[in-house]
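Visitor: The structure follows.
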Amino acid sequence: MKMFEERILRDGKCLPGGVLKVDGFINHQMDPALMMSLARELARRFGDEPLDRVLTVEASGIAPAVLVGYLLGLPVVFAKKKSPSTMENALSARVRSFTKGRDYDVCLSRDFLHAGDRVLFIDDFLANGNAAQGMLELIGQAGASLAGMGFLIEKAFQPGGAMLREKGIRVESLARIESLDGGRIVFAR
Ligand code: 5GP
């Protein structure tokens, strides 16, 4: 998506360690019009799949996921990073955080992910694929199945995308970044 790449070039910032800062328009302050365009494109790409629900992980995945769910007419559920005392019968998985460099547990109530569900996972970034791997585990525990994964930004210089595609998973990313070396954002073609 050309307009998304242009926005990333204009407002994104490269941080040390291969991190792209997009907090002015994606994951702190959000541009709702941009987010809606991105969600429309993800909904268009996955519109041909039979789907029962959209799954994401808090917090940055929620905005794109809820818009995709709205456009496809599907319920949206997000995995929580802290287990609320009110949650019974939870599914849980351990995830390594790329940006924080530590492990955390994600949990999801079995009430909102059922055996036989076809699930679309949506998130803001794909880097090493750890969050995606954790979601695969939750989907497996529930006896649900994955229809595909959609990301706003894939950092193609990290192994997550290749790892997921090797498993035969349909992965769609709206911007694919080949390199952030030297503070320069280069898109994969
Ligand atoms: P992964 O689990 O694929 O290694 O990393 C994905 C998660 O880490 C995303 O949910 C996202 O929140 C965060 N993340 C990974 N890379 C970046 C990055 O370059 N910038 C920002 N802002 N978040 C990132």
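Glycine is treated like the rest: Cβ placed from N, Cα and C.
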Visitor: N27, K155 show up in TrEMBL as binding xanthine; which entry in L20, L164 does that record put in the same site?
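Guide: Candidate in the recorded xanthine site: L20.
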Visitor: Around the recorded xanthine site, report the further residues of that chain (criterion: Cβ within 8 Å of the mean position of the Cβ atoms of L20, N27, K155; site residues excluded), sequence-ordered.
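Guide: Neighbours found: G12, V19, K21, V22, I26, D124, F125, A127, I153, I177.
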Visitor: Measuring Cα to Cα, how far is G129 (5-phospho-alpha-D-ribose 1-diphosphate binding site) from L20 (xanthine binding site) in Å?
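Guide: G129 (5-phospho-alpha-D-ribose 1-diphosphate binding site) and L20 (xanthine binding site) have their Cα atoms 16 Å apart.
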Visitor: Taking the binding-site residues one at a time (L20, A127, A131), which has its Cβ surrounded by the most other Cβ atoms within 10 Å?
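Guide: Result of the Cβ crowding comparison: A131.
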Visitor: I'd like the Cβ neighbour count for N128 (5-phospho-alpha-D-ribose 1-diphosphate binding site), meaning other Cβ atoms within 10 Å of its Cβ, all protein chains included.
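Guide: Within a 10 Å radius of the Cβ of N128 (5-phospho-alpha-D-ribose 1-diphosphate binding site) lie 16 other Cβ atoms.
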Visitor: To the nearest whole angstrom, state the Cα distance for the pair N128 (5-phospho-alpha-D-ribose 1-diphosphate binding site) and K155 (xanthine binding site).
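Guide: Roughly 8 Å, rounded to the nearest whole number.
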